[in-house]
Amino acid sequence: MEQNESVGSLSWRLSSHPITLLCFLGFRISSLLVYLFGMLFIKNFVMIFIITILLLAADFYYLKNIAGRRLVGLRWWNEVDPASGDSHWVFESSDPNTKIINPTDSRFFWLALYSQPLLWVGLAFVAIFRFEFIWLTLIVIALSLTVTNTLAFSRCDKFGQASNLAGSAMYSSGIAGNIASATIGRFFSR
């Protein structure tokens, strides 16, 4: 049976990085599945809590440091100024002229990134309606990790688009373009 899969469709076979994509989706789905099946069948809170936290931590790390960079060309981190103790987020995006983002990878990435916090919110309502408030502690931790990555990658994408737009607009004006590209590039890539 032959299927015509268009560019950008949700098929992992069209991915530029299928192993990265499958690991990314595996981490995203595994914490939800362990929580769901643990809550419904096992009922051992401590075991499910520990396994889910470990999977959420692995998902957070893999998404932040590997999947974001390879699938959509985005990366973020938090820096602390040693002199003042101030903390700020640093965003990095790949150069669109050197790295072409696969539409399939991008669709999988953004869909999984935005849907997981919504699923955890839904599970919070389930825990509330079932009067299992102890499970809310795990959901709050899951939401804090997934929402942090979601907000950071959303900001990173906006800053990356803004820097690319500013760099290309100023690029046509010669010296001003070189100055703008160098300044913006240095600001967003540390």
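From the backbone N, Cα and C atoms, a Cβ is placed for every residue, glycine too.
Non-local neighbours of the transmembrane segment (14-34) in the same chain are 5, 7-8, 48, 51-52, 55-56, 58-59, 62-63, 66-67, 70-71, 102, 104-105, 108-109, 112, 116, 119-120, 123, 142; each lies 6+ residues outside the stretch with a CB under 8 Å from one of its CB atoms. According to Swiss-Prot, the feature transmembrane segment maps to 14-34 (among others), an assignment based on sequence analysis.
The transmembrane segment annotation in Swiss-Prot covers 36-56 (among others). Listed as Cβ neighbours of the transmembrane segment (36-56) (distance under 8 Å, sequence separation of 6 or more from its ends, same chain) are residues 27, 30, 123, 127, 132, 134-135, 137-138, 141-142, 145-146.
Sequence annotations record features per position, and here Swiss-Prot assigns transmembrane segment to 107-129 (among others). Listed by sequence, the residues of this chain that lie at least six past the ends of the transmembrane segment (107-129) yet keep a Cβ under 8 A from its Cβ atoms are 8-10, 12, 15, 21, 24-25, 28, 32, 35-36, 39, 63, 67-68, 71-72, 135-136, 139, 142-143, 146-147, 149-150, 153.
Annotation source Swiss-Prot lists transmembrane segment at 134-153 (among others).
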